[in-house]
């Protein structure tokens, strides 16, 4: 085995360990924020939605700058600093008794993610060969699902005693992850050339094909982020206990671990990436439309199963498609900008979803937010269909800029 092949192989194992620590640290805390502050402390869902939206907007919206800085200075210092900032955000969240403290903690957590997320994504593109990326993204997502369940189980158990223990566990995991990266991550450069920050930013912004794709995904993410806000609240409301939320993540893990990789392997040989993304989005949309009209936990979990099936169809294709459109001369900048759709979609999905949930509850129309999200899913599906239509591909709109 050549030194390059050996480095790629060891790098992939490093990425898997790193990813598990990050996923555990995140899911110990974030799925329980809505339970803690809406159900236990009686805050309006809008207040919590704003907090979650701020974290999403800061982390993903500023990701292009984090990626551009990583292109210039390398991955390691950005990742270690960002993970320590995320731990600090969790520490602040532990003492949040006013909305502004929760907002501050989420902003700090988001700033940490701004620093570590784009270089981590760029390392995947650097270390995994193009023909292997779809399968590797599938493995990462299976790991995400397993980590989500373990994290949510740990967080739910700790929440019975004290929310401060939940935040402490999350902070400890991110500190451990920072130490792991500081000790084991080589001083790798992300791009094929040492790209100045301004040049990396400009290269992305001139790529009309990539910019259009990223912004189109805003609607997709408005649906996807509800696993952190409205779905846990719905499960808790119908079940009458926050302990039921862990079963939602158990469903996700079961579906992901049993179906994600086989579906990805089967579909990558038969369908184009954009068609897989659109098919998954359509399934997610159909699952969301009737959620507000469900009255039993069995019905709700059935729809959640369908939603997760759509997600595992779409997610590997979305990640692989984004990576395939990136320019190797500015990987960090591209991976940072690719998070902008999640920034906008997350902020709108959290804040808008929280507001719609409160408004629907106040007027006795609990189905309102879910119907609105379903409409957004349909619009996004049509936008993707338009973007990847044969006529637009033939016109050069989807061709790389030179």
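First residue shown is number 1, and so on along the chain.
Cβ coordinates come from backbone N, Cα and C, glycine included.
Range 13-33 is the one annotated as transmembrane segment, of 13-33, 55-75 (source: Swiss-Prot). Ranked by the number of CB pairs under 8 Å to the transmembrane segment (300-320), the listed stretches 34-54, 139-159, 214-234, 243-263, 340-360 are led by 243-263.
Long-range contacts of the transmembrane segment (340-360) within the same chain: residues 44-64, 214-226, 228-230, 233, 292, 366-369, 372-373, each at least 6 residues beyond the stretch ends and with a Cβ under 8 Å from a Cβ of the stretch. Using the rule of three or more Cβ pairs under 8 Å, pairs at least 6 apart in sequence, the transmembrane segment (214-234) is in contact with the transmembrane segment (277-297).
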